[in-house]
Amino acid sequence: MTITHNLGFPRIGAQRELKRAVEAYWAGKQTADELLATGRALRAAHWRRQADSGLRFVPVGDFAWYDHILEWTTLLGAVPARFAQPETQAVSLDTLFRMGRGRAPSGKPAAACEMTKWFDTNYHYIVPELVPGQTYRIAREDLFEQVREAQALGYAVKPVIPGPLTWLYLGKGDAFQQGASDEDKLKLLANLLPVYQQVLKRLADQGVEWVQIDEPILALDLPAAWRDAFGLAYAQLAGSPVKVLLATYFDGLKDNLSTVTKLPVAGLHVDLVRAPEQLDDVVEALHADQVLSAGVINGRNVWRTDLDQALRKLEPVARQLGDRLWLAPSCSLLHVPVDLLAETELDAELKSWLSFASQKLDELSLLGRALDGDSSQAVQEGLAAQRAALAARRSSPRIHNPAVGRRMAASEQVSRDRAPFAERIRQQQARLNLPPFPTTTIGSFPQTAEIRGLRRDWKSGALSDSTYEALIRKEIEAVIRFQEKVGLDVLVHGEPERNDMVEYFGELLAGFAFTKNGWVQSYGSRCVKPPIIFGDVARPAPMTVGWSSYAQSLTDKPVKGMLTGPVTILQWSFVRDDQPREATCRQLALALRDEVLDLEKAGVKVIQIDEPAIREGLPLRRADWQAYLDWAVDCFRLSTAGVADDTQIHTHMCYSEFNDIIESIAAMDADVITIETSRSNMELLKAFEDFHYPNDIGPGVYDIHSPNVPDVDWMVGLMQKAGANLSKERLWVNPDCGLKTRAWPETEAALISMVQAARTLRQATS
């Protein structure tokens, strides 16, 4: 009988129960015991759902209060010195939260650890901080307690832990200047591996048979030293009394396959959604007693699986491997919403095309039964339902828009060229008259409960359109007056009408669909509800012009029009899988171009097109980068094609480590780029040491993801550090991201300090 299992389940709960509990605890509205009880209840519900679907094992260790990498970092006791962790005491939950967000109900506030994207997904992990000679110990008991929880409920468990090489590769430290693959990090294995051995021994003592060790860096281009380190590390772990399932995902093993096949592990999981072509090579390379876990259900998108195609692919493998073939999703289901049954307002046709985490478990079970030759009525009806849904989707008239097809065919003839930057910036400065070190914010201002209530009441029909518009205009005016009072130079309207920087636009574009409970975790307690792009994209009417032109009418200072860029909308949506992603992105660019030109006609002098996701779209293998960058840059330029030279185009990128793609960033030719640099202490500016970035740049001077108010001198120091590599005439002063998640008191204090920092810089250079 084919074993089915899961690499990980969404931890947030179908109704975001974890988010609400954690935030209530942070706010002092819930005790630690109440928070822990919520965690236990969620884990029990998730294990029950997975077991009910027929999984042989339930995963344990996929639950996290903030982030699974942070959980593992604290288990290892790798707590940075500024958090004052006693060496002999367990790491507390509050210390974990302070590492993630800078503060917690107990303990002194401190600078939060850096946060960055998890491979090429929209999930963020907390970066481990590494120092030479770092020592490790088992400093948290959560993993072992959760194993006991699941066993007490009667489940066979498969603990899931990050692999030692992946954990080190993802870590950073001042001593490791060569980046992720710095070979000096491998010296830490000597202290790290004994703790892994202790963990595996303790799990074995708890009766655990299989442990899943995630090593997703095996989908990357790895230097020889790192490939060699896999052999040394897993040889040392081979003496552990548990069976190891080595899990890889997000791409194929490719040149790392020869490394993996030499490892003394009992099983191997591979992603056959991202890299279906690797199946034959992996099967051929397996040892005679090794298990192959085939990741055939897409863990990163929401479309139903073609089970007939999967069966055709797997049947010869099943005949060859027998019970050594396991089935699983391609990766953790962390990246998809919890349950389609929670969607009561999606139309039946579209809903029939979809599959969320819970439904993917059912698909997995159905596939396993069919592969085992189960010809029962239930299996046959299940397969027939899959076929019918796929056929209906392919033939639906909702998918293709002939007008979009015609625009796509003509888009190659649209000129992307503008005058040289030196000429543009001269015209823009004459029009805008900005001081040195101009100040601005990234776009959003605090989203209060009142603002969220306005949107909710309007959508439910409790507020009329006219009343809603009047109230939103009042919020916009308040934000404009606040910015004038603080002394900012380029203003924003605050985006009170927007629930999310992608969902807002998707609701106004054709080809998009929306869920009510399709939440996925982005970072910590922050969840996002990605739109679903199911068909051709078009803009039926202006989306932002009314709000932006109203905001500009309130002040003589320039107010930025705010748009989300085509690549980011693509990256942060669930994208149709029936055409290349490039084609969908180009459709988005054409729709946004219409909006840009309408904003310009309405008198908006500065237009920001956010592209925070530009780097996360990079393929994991460098050989595939240029093809992606070519179309991503072209789509950005297509979205701004035709604007006047005195209209200033901004773009924003947050948590984008783009040092290695700086030439492509420059090729986007935005007049001003604002980037996240505060958490990384201006590390992202290393790219400018060797590359003379030609246009204006605003390196973020404070971390908006932390509630701590920045110090003026600290921000001045960051800008002086930036000025060592960049022309001071080209520098802007801004936060590193939008202010949506912050409260008003800390926002006001932070922006007052930021404006003072800019004034200090002007005085120092005058």
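Keep in mind that glycine also has a Cβ here, set from the backbone N, Cα and C atoms.
Summarising the annotation, Swiss-Prot assigns 5-methyltetrahydropteroyltri-L-glutamate binding site to Arg16, Glu17, Leu18, Lys19, Lys117, Arg526, Cys527, Trp572, Glu616 and lists sequence analysis as the type of evidence. Under the DSSP three-state reduction, Cys527 (5-methyltetrahydropteroyltri-L-glutamate binding site) is assigned to strand. For Cys527 (5-methyltetrahydropteroyltri-L-glutamate binding site), the number of other Cβ atoms no farther than 10 Å from its own Cβ, over all displayed protein chains, is 18.
The L-homocysteine binding site annotation in Swiss-Prot covers Ile442, Gly443, Ser444, Glu495, Asp610 and rests on sequence analysis. Around Glu495 (L-homocysteine binding site), the same-chain residues six or more apart in sequence whose CB sits under 8 Å from its CB are Gly443, Ser444, Phe445, Met501, Met562, Gly738, Lys740, listed in sequence order. The DSSP secondary structure for Glu495 (L-homocysteine binding site) is coil.
If you look up Swiss-Prot, you'll see Ile442, Gly443, Ser444, Glu495, Asp610 marked as L-methionine binding site, on the strength of sequence analysis.
Secondary structure at Glu676 (Zn(2+) binding site), as computed by DSSP, is coil. The Zn(2+) binding site annotation in Swiss-Prot covers His652, Cys654, Glu676, Cys737.
The active site, proton donor feature in Swiss-Prot is assigned to His705. According to DSSP, His705 (active site, proton donor) sits in a coil region rather than a helix or strand.
It is 5 Å from the Cα atom of Asp610 (L-homocysteine binding site) to that of His652 (Zn(2+) binding site). Comparing Cys654 (Zn(2+) binding site) with Glu616 (5-methyltetrahydropteroyltri-L-glutamate binding site), their Cα atoms are 11 Å apart once rounded.
Calculated from their C-alpha atoms, the gap between Lys117 (5-methyltetrahydropteroyltri-L-glutamate binding site) and Glu676 (Zn(2+) binding site) amounts to 13 Å.
For Glu676 (Zn(2+) binding site), the count of additional Cβ atoms within 10 Å of its Cβ stands at 26 [all protein chains shown]. Put simply, Cys737 is the one of the recorded positions Ile442, His705, Cys737 whose Cα lies nearest to the Cα of Glu616 (5-methyltetrahydropteroyltri-L-glutamate binding site). Taking a C-beta cut-off of under 8 angstroms and a sequence separation of 6 or more, Leu18 (5-methyltetrahydropteroyltri-L-glutamate binding site) has the following same-chain neighbours: Arg11, Ile12, Thr38, Gly39, Leu42, Trp65, Ser525. Other than the site residues Ile442, Gly443, Ser444, Glu495, Asp610, same-chain residues with C-beta atoms no more than 8 angstroms from the centre of those residues' C-beta atoms, the L-methionine site, are Thr441, Val492, Met501, Met562, Gln608, His652, Gly738, Lys740.
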